[in-house]
Each structure stands twice: as structure tokens, then as C-alpha cells.
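Visitor: Pasting the relevant annotations from Swiss-Prot:
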- D29, S30, E31, Y32, D33, S78, L79, E107, R130, E164, K278, K302: NAD(+) binding site (BINDING)
- K109: active site, N6-AMP-lysine intermediate (ACT_SITE)
- C395, C398, C413, C418: Zn(2+) binding site (BINDING)
- 577-652: domain 'BRCT' (DOMAIN)
Amino acid sequence: MNKRMNELVALLNRYATEYYTSDNPSVSDSEYDRLYRELVELETAYPEQVLADSPTHRVGGKVLDGFEKYSHQYPLYSLQDAFSREELDAFDARVRKEVAHPTYICELKIDGLSISLTYEKGILVAGVTRGDGSIGENITENLKRVKDIPLTLPEELDITVRGECYMPRASFDQVNQARQENGEPEFANPRNAAAGTLRQLDTAVVAKRNLATFLYQEASPSTRDSQEKGLKYLEQLGFVVNPKRILAENIDEIWNFIQEVGQERENLPYDIDGVVIKVNDLASQEELGFTVKAPKWAVAYKFPAEEKEAQLLSVDWTVGRTGVVTPTANLTPVQLAGTTVSRATLHNVDYIAEKDIRKDDTVIVYKAGDIIPAVLRVVESKRVSEEKLDIPTNCPSCNSDLLHFEDEVALRCINPRCPAQIMEGLIHFASRDAMNITGLGPSIVEKLFAANLVKDVADIYRLQEEDFLLLEGVKEKSAAKLYQAIQASKENSAEKLLFGLGIRHVGSKASQLLLQYFHSIENLYQADSEEVASIESLGGVIAKSLQTYFAAEGSEILLRELKETGVNLDYKGQTVVADAALSGLTVVLTGKLERLKRSEAKSKLESLGAKVTGSVSKKTDLVVVGADAGSKLQKAQELGIQVRDEAWLESL
């Protein structure tokens, strides 16, 4: 029976690839169904012989307990946005300072959810959400139910690929019709529907909703030398790659493509929100490098946002964790980009003055970056009042005088004991990208603060399980889970804590770079600003901000209290060892290694202080080669770069 099951699995997987990937089926639906039923019968009779890549895994129901955290071996960066031709020209100018004659590749920006797929020996072992770029959620079982994701590859590869998982418009209409018939709330748009589907604990629901994917990148070190060749290779492996793309030599060609896509946008069977422009040559990408948050070799052009008219009813002023006071407009409700909008940001007092926004004005509302509702401008022809908005002079939280510094556009409260700032700081500290304390959201933090149970972040770690039972609406089970989540967060790697402290200009990426270099927050506390500023991708602004924070009264006490409560202050990831054998060197791995897995070789190089990259360029210091090294070895020899073999690496 095992032989026949092998035959059926191979046949059905081939037919599925023809149908979903190539759009060129070689058998009828009825023949596919007949073979599928035969396989189901055999697997029912011989469950111990079910194969890992059987297509029946895609439809079976499985109720999951939840989603585990998963550390990305290759971090996912954000893309810099562009909203105009001028911003694209500026991007091109920056690229041409480093690369003489760049060729660009333009791809559609799918409005879906970023995913990372890892295969070992050609078998799908992990499907993960983007998360914060470093840590995502393991949703492998759900992604196995997405029919166009290969469970196995035609080669026994160790490879990680990236793409977008989305819901086609036709599937979205079907899902919403079913929800309407069942009396369930409809999804606002296909992206929300895809996100909700991938968060399902019942995998049978995922299988029914017909999600789809477009893959766009090999995240693990590639043997291809361009993005275009990489996309073609992904197609050869059986992944679905969006065919709508071009190579361009200049911004004129890119702009023409953007205009063409914009005209076709509404007729596509899926949602897009822009065009991604990348430098095509991977060695040039390597040469350009990254900022703290984004690659310098790519930009995402975003289409102009949908705009609607609404009437301004009133303005709320709220204080953020850094003391900035932000105005928010209350509006007559309007439908915008698939959701009902009744509140929109007014940004700051300078923006209100610049746009001359007045009481009861009719305003144009849009979603900035297709996400945040914002007031764009006033419809002056519909103005009914000349009365200006009331601008506060005192903090709406603590009543302290508000300041408007000359070099800032916002009002600011500088009272360090301002309740709103403290509470917002606590919410930030517990958030997913910071200490990731599950369940400790804004409502619980507000109740803890109101009950005088927490005044700073160290107090969170002094809480006992019974303290939560003092809060309205919190039962024993919830209290136990909250306490356990707080205890678990003590073990986080220290970059999560550093970001959680809310130091101005120190984001999650900068926190990771700092801890990779200094190894612990205590070492960072002792460091001078010149050493911080010398770290690649950081600079003087972050160094000055850290110096100001650590010099402030109470910072040393807070760190000591956190340590005393058991919070980890050390970095648990791969550190940069200043005096290691390969410290500061840029190394490329290429070819087939005989004894080490590629991931093992990469980890060893990084432990020796090297930065491992995927392409050979003039910035490369060393190339480690295995069998069939190919074009990367040739390029290294042409550039006079030092070449070593696997035996040399093992000897270190």
C-alpha cells in the first residue's frame, strides 16, 4: 500500500502545482477528485503510513491551542514609503551615489500579510508571520491549508522564502456572503479577512476560505545574482510569483509602470496598495545596505489614498508617553477604505494653524499610509464658522503648563510625573514589540494605575497574583495568566527591555543593534556616547538620547530595581565580539558544504564576529566556498577577495 500512496501523493501534488501555480492543469477535476478519494481511503486504512507532504493535510480540521513565538533567522525589514514622483527621484539619486548604472525591478505591492516559509530538505517545517520583524508567530498548520503553498519542493533544499498571503476578491465576497447569512459581522476588506483567517485556531476554517500567496524573495543566502533571477527560481520551485513586473533603467520607466498599474488596479482579482521598486542586482543591494529600519535599495510607492468629506464636531487632546499632546478630530462617520471612520488625527498645533482648521469645518479625511485616519485639508467653500479651535495651555492630564519649543511642531508636557505619560509608558512597556506581556493591555494597565498598584515599570514585577483580583472584571484564571505572563517576560532578551523603556529615538531595531554590540544594558549604561555613535546605522542622535536618559535622575535606580525583581538585562542573541577572529569582516557563504549545514556555518561565522551576507561586492572581505560555488567564487576572484574553504572554517 505504501507504494500506491507514494504514487498518489506525487501525482496529486503535481496536479495541484499545475492548477494553482502554472494555471495549466493536465487532468480534469473529476479525475483529480477520484485519485484524491482513493488516497483518503488508503490513509484511513493505514494511518501510520500517511506521508508528510500528503495533500490531505490541507483540508483536515485541527483545533490549535494557540500560536507559539518564532524567531526569524533572517529578520524582516520594513520598506521606506514614497508618495510622489519627487520622492522616487530622491530615492534614485541616493542609489546613484553608490551604484553608477542601477537597474530596478518593479513588483506589485500586494495588500496582504507578510509570511516567511522555511523548508528543510525540501519539506515545509515552519510558516511564520512577520511579527515585529525579529519574532513572529508560528502559523505553520494554517499555512499548510493554503492550497498554493508547496508542502514539499522538487529539490531537497534548506531554504527560507518570503511572500504575501492574501484573500482574492472573489473569495472575500464568498466569505462575507456566508457571514451575512450566518448573522456574523462582515470583514471590512480582504486584508482584514486574510488576517482574521490566519489567526484562526480551527484549521478547517482556513482551508475553506481559499487564501492565496505571492512569493517575492529568497531570504536565506541566494546563489542567484539578481532579484529577477531569484523570482524565476522561486517559480521553478513551485511557488506562485506575481507575473506583473518589469525591469527599468530610470524613474521615467518606473513612473510609467506605476501609472499603468494604477489604471488596472480596480480590475485585478486581488487588492494592491502600491508598487515596490528594488535595485535588481543583489551585489548592489549589498553595497547599499540598510538603515536601522529599512533597506536602502528598495522603496514602496503607495497609491494616493481614498478621500472623503466629513464635518468636524469637536477635538480631543491626549498626552502620549513622551509628553507630546496630540489633537484628534471627532467627525461625522464616513466610510473610508472599507471601514467606518469617526475620529482622525490632526497631528499637532502647527498643522492646525497651517491648514487653518476651525470649529464646525467640513474637512477632507483620508487614511495616511492606508492605515491611520487623518484630516488632510479644509473645504473652505463649506465653512460655517470663523471661530478658531481652542488650543490648550495646560496638560489635559496633570494640568501642568504646556510648552511649544521653537524646534518642535507639537505642544509638550514636561512633567515627569504626569499620570498620562506614566500610563502610556506602562502600556508601551507591556506591548508586543517591547516586553510582550500577554493580557497586560491598556484596560488592565489603566485599572492597575488607578488602583495605585503600579507607578513605574518596575512595579509590574512586584505584582502578585492576588493583586489582579482587586481589579474589576478580573477572575482567578485571568489573574493567574497575567501573573505567569509577567514572570515569563523576565526572561526576555534585553533588547526587548531597552525598547520597552521608551527612550526617545531608540526603536526596536536600534535596541537590537545596541545590545548586539554591548551585550547587556549595564554595559550600555557605562558606555560613552562616542562609542555608541560609532556603531553602523546608529549615529549621534541616538547616542545623545541615550546619554540624556541614563543621566536623568532615577534611571540607575530603575535599572537596579528591575534587576532585583529578576528581569534579565543581558542580550540572548548573537553578539558582536570585538576581539573575535573575524570581527568586523563581511563574509559570503557559497556552494554546497559537505559537513556543516549552511545555518551552522552562518552561526559559526557570526559567533566569530563576521557579518554574513548573500552577495559578493567590493565591501566583501572573505568568501567561504563549498562545492559548485559558481558565479560568486568567480566574482570574488575578479575582485581579489580572499577565498577560504569549509575545512578552514571548521578549524577556527
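Placed from the backbone N, Cα and C atoms, the Cβ positions cover glycine too.
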Visitor: Going by Cα-Cα distance, which of the binding-site residues (R130, K278, C398) sits nearest to K109 (active site, N6-AMP-lysine intermediate)?
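Guide: Closest by Cα distance to K109 (active site, N6-AMP-lysine intermediate) among the binding-site residues R130, K278, C398: K278.
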Visitor: So, in DSSP terms, is E31 (NAD(+) binding site) helix, strand, or coil?
Guide: helix
Visitor: Given the recorded Zn(2+) site (C395, C398, C413, C418), which additional residues of the same chain have their Cβ within 8 Å of the Cβ centre, ordered by sequence?
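Guide: The answer, listed by sequence position, is V319, G323, P396, S397, N399, S400, L402, N415, P419, A420, Q421.
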Visitor: According to DSSP, how is the domain 'BRCT' (577-652) divided among helix, strand and coil residues?
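Guide: Its residues divide into 25 helix, 18 strand, 33 coil.
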Visitor: Fewest other CB within 10 angstroms, which one of the binding-site residues L79, C395?
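Guide: The binding-site residues L79, C395 were compared, and L79 has the fewest Cβ atoms within 10 Å.
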Visitor: Pick the one among the recorded positions K109, R130 whose Cβ has the fewest other Cβ atoms within 10 Å in this structure.
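Guide: Taking K109, R130 as the recorded positions, the minimal 10 Å Cβ count falls on R130.
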Visitor: Out of C395, C413, C418, the binding-site residues in the record, which is closest to L79 (NAD(+) binding site) when you go by Cα distance?
Guide: C413
Visitor: Could you measure between R130 (NAD(+) binding site) and C398 (Zn(2+) binding site) for me? Cα positions, answer in whole angstrom.
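Guide: Computed Cα spacing between R130 (NAD(+) binding site) and C398 (Zn(2+) binding site) is 38 Å.
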Visitor: Looking only at C-alpha atoms, tell me how far C418 (Zn(2+) binding site) is from K278 (NAD(+) binding site), rounded to the nearest Å.
Guide: 45
